[in-house]
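Going by Swiss-Prot, these are the annotated features:
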type	residues	note
SIGNAL	1-35	signal peptide
TOPO_DOM	36-1010	topological domain 'Extracellular'
REPEAT	41-104	repeat 'FG-GAP 1'
REPEAT	121-182	repeat 'FG-GAP 2'
REPEAT	187-239	repeat 'FG-GAP 3'
REPEAT	252-305	repeat 'FG-GAP 4'
BINDING	Glu274, Thr276, Asp278, Glu282	Ca(2+) 1 binding site
REPEAT	306-371	repeat 'FG-GAP 5'
BINDING	Asp328, Asn330, Asp332, Asp336	Ca(2+) 2 binding site
REPEAT	372-430	repeat 'FG-GAP 6'
REPEAT	434-497	repeat 'FG-GAP 7'
TRANSMEM	1011-1031	transmembrane segment
Amino acid sequence: MSAGTHCGPPGNRAPPFARLCCVSAALGMLWSPACLAFNLDVDKLTVYSGPEGSYFGYSLDFYIPDARTASVLVGAPKANTSQPDIVEGGAVYYCPWPSERSAQCKQIPFDTTNNRKIRVNGTKEPIEFKSNQWFGATVRAHKGKVVACAPLYHWRTLKPNPAKDPVGTCYVAIQNFSAYAEHSPCRNSNADPEGQGYCQAGFSLDFYKNGDLIVGGPGSFYWQGQVITVSIADIIANYSFKDILRKLAAEKQTDVAPASYDDSYLGYSVAAGEFTGDSQQELVAGIPRGAQNFGYVSIINSTDMTFIQNFTGEQMASYFGYTVVVSDVNNDGMDDILVGAPLFMEREFESNPREVGQVYLYLQASALLFQDPQVLTGTETFGRFGSSVAHLGDLNQDGYNDIAIGVPFAGKDQRGKVLIYNGNPRGLHSKPSQVLQGIWGSQTIPSGFGFSLRGDADIDKNDYPDLLVGAFGKGKVAVYRARPVVTVDAQLLLHPMIINLENKTCQIPEFPTPVACFSVRVCASIAGQSISNTIALLAEVQLDFLKQKGAIKRTLFLHNHQSHFTFPFVMKQQKSLHCQDFMVYLRDETEFRDKLSPINISLNYSLDDSTFKDSLEVKPILNHYRDNVVTEQAHILVDCGEDNLCVPDLKLSARPDKHQIIIGDENHLMLIINARNEGEGAYEAELFVIIPEEADYVGIERNNKGLRPLSCEYKMENVTRMVVCDLGNPMVTGTNFSLGLRFAVPRLEKTNMSINFDLQIRSSNKDNPDSNFERVQINITAIAQVEIRGVSHPPQIVLPIHNWEPEKKPHKEEEVGPLVEHIYELHNIGPSTISDSILDVGWPFSARDEFLLYIFHLQTLGPLQCQTNPEINPQDIKPAASPEDTPELSAFLRNATIPHLVRKRDVPVVQLHRQSPARILNCTNIDCLQISCAVGRLGGGESAVLKVRSRLWAHTFLKRKNDHYALASLVSFEVKKMPYKEQPAKLPAGSTAVKTSVIWATPNVSFSIPLWVIILAILLGLLVLAILTLALWKCGFFDRARPPQDEMTDREQLTSDKTPEA
């Protein structure tokens, strides 16, 4: 029996009652129940209430003196009574069953007297102290006998300097509470802590099966503790109100032990059971602080009170032995022991241990031989799992005893919980079958729901044991009644179990087309203790239930064309088989593909609650440990031999139409796949092609007569992309065909040397369903064609320049010489991209400290970063505004292909000299300025352009008249890197020269003619012409001879038809 909070004065050793304190105010964590309710009824709950603050419910028991009478006993150790001058002496309440509003719980008058007194020096002084004695902290009933104790009862010792010692006392009630007797086994002359002065007799309490009493006194002998047994008959026979110090001859007690056993608390909990193989019970006592605070439980011989066997806890300060209970859990005829350790700490993480509590079950294998314990562990921090453990009896009538475990400070607002564990042949189920939730909160102390438990009694006479749960912090006791358990034995019978789609023997109403069908028979029988003769179930049959939601159900009920049907199923006699038949048909073959997987049919059932009237009786419940779902399978007949099992032999091969693709290219490729079946039919055969992340599915090849145009679709499962092609249902024996799948591969920048397509044929066949795994590897390469080209603008300079002379020390750009621009273009033809290149220019800058082409500005287009060595414009000449580009130059800068950037212009005023070839000036014979450019990323078809604006240093060349020169700049490039994981073995490089010619021309000589000379010449010319004309006229040069004319006009001659006469 679990204990409560006790207080009292300290002795000359450590204070005892602080160590015996068991009420905790620690916070509990929320705990979610592991399962649904089983057969303790939580709806028709009976609740008894006691006075506020009385700790009503701290202890409790059933009181069943005979087969016709049942009631509940409840201890309230802080209740006030009618005893004069006694404050919170405590009481035990009698609560009648069945509970009615008019029937209140009443105090049982175990003791109605004040403190007894003695005369000391002429003054009456109390010899006992009943205030705050915690009467009712323990209460036990055995048939018609009831014992209740006050472990904090004090008495005045018979010493010269008397002390007030908490010896504890108990009261016995018999004959339906008509006779009472007190027994205080530790109230004697052996006082003080070293004796039995701090005994606290009645701290724990139990009965042997013969009715003898076991009393625990954990404070005796410097809190070594002790256990006392006594016969109820001896207590009654030898009781005398006046005889305070009374020793019963038949009383048995454990003796004092060596000092090393101090502070052990023997008797903290007690129970009785049979463990030696004889017919006489032994007692079991918890010693939670023994064994160096590890705690242990002892089996003690009931005859001579000697210790027989110990069970030791596994963790220090876990309070192993806080509770002990005896029960034959596995129904093998031998008693088993359960031990609570509510302060056990789970050390999954050493830095953050959790106090969760444990309960240990020791199954007895033979006399004094026990199996290794089964351990149940709590889940809620500070819930105090194992503070109370109760033997319930066979709660669900399955032949094995069940156990309740209290977790009084668990759950929401520390409302408490009670966990029900059912027994089985191996012990207890590891998961609770039911979790009772505390329903009372408290703003002061926790309600303590589950701190006290009592079972193994049938209060409502329905042949099922019931459970009492106390919540002392709220002053409540709840009666949970067990519901009758109905065990259903159900089955599904299918005929035939193999369906021939060609055998269409059923007719759908209102449809002329026959269909293939089979029958479904639902049969069930019921069994259970004390259940009604008529039990109604609500049953549901689901056809093809493993098909996912939204998928086509292959079978339907003939009467409603649905894949499920719910119906009432009434059974009127236990163990009698009841059946009901249904016809089921298959859809047309064109409506579904799956012919191989079984047609799974399920029957699930529940009790039809509508048939149970709302009465005081508790409703039955289905057996928690019997599955309420029954399944069966039917199969479709396939052409797979006598065994109806198809074993295909699928083969697969594949090859690409190209074995290499280039990064940056369009990269269209086709996989040519051959699929064949050399075995039996493969059902729902499909080709799966896993698409690499670099590729995209384009479609199936339909223009090649040698390739079959199958039905294929793109799918995505999670992050896997695939193409799935239907190969037939079934893919029959001897199938052999090829198909082509087209893909585009645009994303190759981050890939390795190759990409892989994974292929496999899969079917729904059970045996050998898949083909070989095929992997097609495509190699990846990077190729970039890069060219460098340049142009000079203008391509030649003609000296001298008309009406212009250079300055010896120019200050402006225009004073230097004619403009010369060189433009260089680095062009990536592709298809791959280049990401890191170098462009170098050697520029004809000077010779013998004389400038040649003097640079003023560098202009770039595209990803270019340039620097020069030495710096440009070293004379710090003021540059001119940048001139606008000519159309030819603009086109060049737009990457246009220009055959002739600059046309050859006419020179009407000068004649070009052709006497000698030009002398070439380049970096091999002059001083060059170096231009170095870093080129960034260039994709296929992209360019980078460098434009160098300079002036011909005219002064240098005018000193060398008639010498022809060609000024050449040399531009080169080298690709350093491409933006891919794998680099090609050789990267592009190249160079070219750009020339500007300097040539000379000699001007024509022209004479100046006076104006009067020109006028005189014109007049003289006119005079000569006039004289000549006059001479010719005089000579008759202008006269003409004409033929003779008649009177006929020209028109008449032209229109006359006659020939003129001679």
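Each residue's number is its place along the chain shown, starting with 1.
Glycine too: its Cβ is placed from the backbone N, Cα and C atoms.
Sequence features, as recorded in Swiss-Prot, placed on the structure.
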{"residue": "Glu274", "record": "Ca(2+) 1 binding site", "Cβ within 10 Å": "20"}
{"residue": "Thr276", "record": "Ca(2+) 1 binding site", "Cβ within 10 Å": "15"}
{"residue": "Asp278", "record": "Ca(2+) 1 binding site", "Cβ within 10 Å": "9"}
{"residue": "Glu282", "record": "Ca(2+) 1 binding site", "Cβ within 10 Å": "23"}
{"residue": "Asp328", "record": "Ca(2+) 2 binding site", "Cβ within 10 Å": "18"}
{"residue": "Asn330", "record": "Ca(2+) 2 binding site", "Cβ within 10 Å": "21"}
{"residue": "Asp332", "record": "Ca(2+) 2 binding site", "Cβ within 10 Å": "13"}
{"residue": "Asp336", "record": "Ca(2+) 2 binding site", "Cβ within 10 Å": "27"}
Within the same chain, where does the transmembrane segment (1011-1031) have neighbours whose Cβ lies under 8 angstroms from its own Cβ atoms, ignoring anything closer than 6 residues to its ends? I mean 6 or more beyond.
none
Using Cα positions only, nearest of the binding-site residues to Thr276 (Ca(2+) 1 binding site) (Asp328, Asn330, Asp336):
Asp336
Candidates Asp328, Asn330, Asp336 (binding-site residues) - the one closest to Glu282 (Ca(2+) 1 binding site) by CA:
Asp336
Binding-site residues near Glu274 (Ca(2+) 1 binding site) (Cα-Cα within 10 Å), from Asn330, Asp332, Asp336:
Asp336
For the repeat 'FG-GAP 1' (41-104), what does DSSP give as the number of helix, strand and coil residues?
0 helix, 27 strand, 37 coil
Give the distance between the Cα atoms of Asp328 (Ca(2+) 2 binding site) and Asp278 (Ca(2+) 1 binding site), rounded to the nearest whole Å.
16
Integer Å distance between the CA atoms belonging to Asp278 (Ca(2+) 1 binding site) and Asn330 (Ca(2+) 2 binding site):
20
How far is it from Asp278 (Ca(2+) 1 binding site) to Asp336 (Ca(2+) 2 binding site), counting Cα to Cα, in Å?
15
What three-state secondary structure does DSSP assign to Asp336 (Ca(2+) 2 binding site)?
strand
Structural state of Glu282 (Ca(2+) 1 binding site), classified by DSSP into three states:
strand
Write out, in the order they occur in the sequence, the residues of the chain not among Asp328, Asn330, Asp332, Asp336 that have a C-beta within 8 Å of the mean position of the C-beta atoms of the recorded Ca(2+) 2 site.
Ser327, Val329, Asn331, Gly333, Met334, Asp335, Leu363, Gln364, Asn401, Gly423
The repeat 'FG-GAP 2' (121-182), counted residue by residue under DSSP: helix, strand, coil:
0 helix, 33 strand, 29 coil
An 8 Å radius from the center of the Glu274, Thr276, Asp278, Glu282 Cβ atoms defines the neighbourhood of the Ca(2+) 1 site; name the other residues of that chain inside it, in order.
Gly273, Phe275, Gly277, Ser279, Gln280, Gln281, Ser302, Ala367
Using DSSP, break the repeat 'FG-GAP 7' (434-497) down into helix, strand and coil residues and give each count.
0 helix, 33 strand, 31 coil
With DSSP, how much of the repeat 'FG-GAP 6' (372-430) is helix, how much strand and how much coil, in residues?
3 helix, 25 strand, 31 coil
Within the repeat 'FG-GAP 3' (187-239), count helix residues (DSSP H, G, I), strand residues (E, B) and coil residues, in that order.
10 helix, 15 strand, 28 coil
